[in-house]
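According to TrEMBL, the features are:
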type	residues	note
REPEAT	132-154	repeat 'WD'
Amino acid sequence: MDAQNKPQILEHLHKSLTVTLYDCKWIPGSAKFVTLGSYARNTGCLQVYELDGPDLKTVKESEKKQSFKCGTFGASSLAERRLASGNFGGELQIWDLENTSQPVFSAQAHASIVNAIDGCGGQAKGYGAPELVTCGRDGCVRVWDVRQQDAPVAAFEPADPNNIRDCWCVAFGNSYNDEERCVLAGYDNGDVKLFDLRMNKVRWETNVKNGVCGVQFDRKDIAMNKFVVTCLEAQFHVFDARTQHPKKGFASVSEKITAGATVWGCHHLPQNREVFMVAAGDGNLYLYKYHYPDQRKVKDHDGVELGVAGSVEMLNYKNLSTQPISGFDWSPDKEGLFVCVAFDQAVRVGITTKLNKV
C-alpha cells in the first residue's frame, strides 16, 4: 500500500488513573465508554467516560466488592444498553448503567475468576436469543440466556477433572438465524475448540501450541466466514471457517508480530470485517488486513472440499504504552474511533485514519 493512503493510528486522548484496567467497551449509539478493572484494594472499579470535545469527562464511577475482569454489551438491546460483566469472584452480572447500585442479573458463573465474556443476539431480531458466554479458570465454558439467571442454558465442562485447562477466552459466531450459533474457546495449553450450540457438541478442535489469549470471529451474525486466534509467543492465526474438511479441519495462515510479545487480542473493525487490530504485550497496536486467496476452496485427491487460507498484510502499527494493552474496542458507530486500556493504568482514545482507503 502506498504511503499516502496508509492508515495512521493516532492517540487522541490519554488519561492516567490509579486503577488496574482489564477491559473497555463503547456504549452503543453514544460517545461514552465503560472501563472495568480493580482498585489497589482489590475491589471492582466500573467507570463511564464521555468524549467531550478535546476532553474526557468522567460520567460515573462505581466501586464493587469484586474486581472486574471483562464486559460486553452484545446481549443487550440498543434501547437498554445493559453491560454484562465477569469478575474475579466468578460472578456474571448485568448492570443498568443509569443505576449501578445493584446488578439487574447475577449468577455464580464459575468457581473462580471469569476470564472472558461475549454476548450476542441482543441488538437485532432474527439472530437468536440474547445470550452471554463466559469462561473461567475452572476450565468451563457456560452459555447464559439473559432472561433466566438460575442456570446456564449450555455448559461445556473439562473432559478429565484431573486435568483441567484454564479457559482464557471465548467468542460467539455463526449466529446468522434463530437456530444456529457457535462458541469458540481458547485454552492455556493451546487448545482451540468450536462448540456448536444447536447440536450441543464440539464441532471442531485443534491445538496451536501456545496459550490462546484471544479468539474472535470477523462477524458474529453471519454464517461462519473466518476467525482469529491470538497467542503467547507473538503469534496469531487466521482460520477460514467457510470450508471444514473432515480430517484437516479449517485452513489457516499464521503470522508473527515483533519478537516475544504476547498477542492479547484481536478486534475486527465493525465497518470492514477484513481489517483487524491486534493488541500486544509490548504496548503496540498492529493493524492488519486479510486478503482472500483467488480460490477459497479446492478439492483434495478424494474429491472432498478443502479450504484455502489467504494472507495477512500489516497496514501499520503504533506504540501506545510500555505495558501490555489489556483491552481494546472499536466504536460501533464511528469508523476508526477506538478506546484501549493498558497495564500502565491509563485509558486512551484513538483514531485510525484512512480506513475507507484500504
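The backbone N, Cα and C atoms fix where each Cβ goes, and this holds for glycine too.
It should be emphasised that the depicted structure is a prediction, and the values quoted were computed from it without experimental measurement.
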Restricting to the same chain and to residues at least six past its boundaries, which positions have a Cβ under 8 Å from a Cβ of the repeat 'WD' (132-154)?
72, 74-76, 84, 86, 90, 92, 94, 105-107, 109-119, 122, 164-172, 183, 185, 187, 193, 195, 197, 200
DSSP-derived helix, strand and coil totals, residue by residue, for the repeat 'WD' (132-154):
0 helix, 11 strand, 12 coil
Kindly state the mean pLDDT of the repeat 'WD' (132-154) in the predicted structure.
92
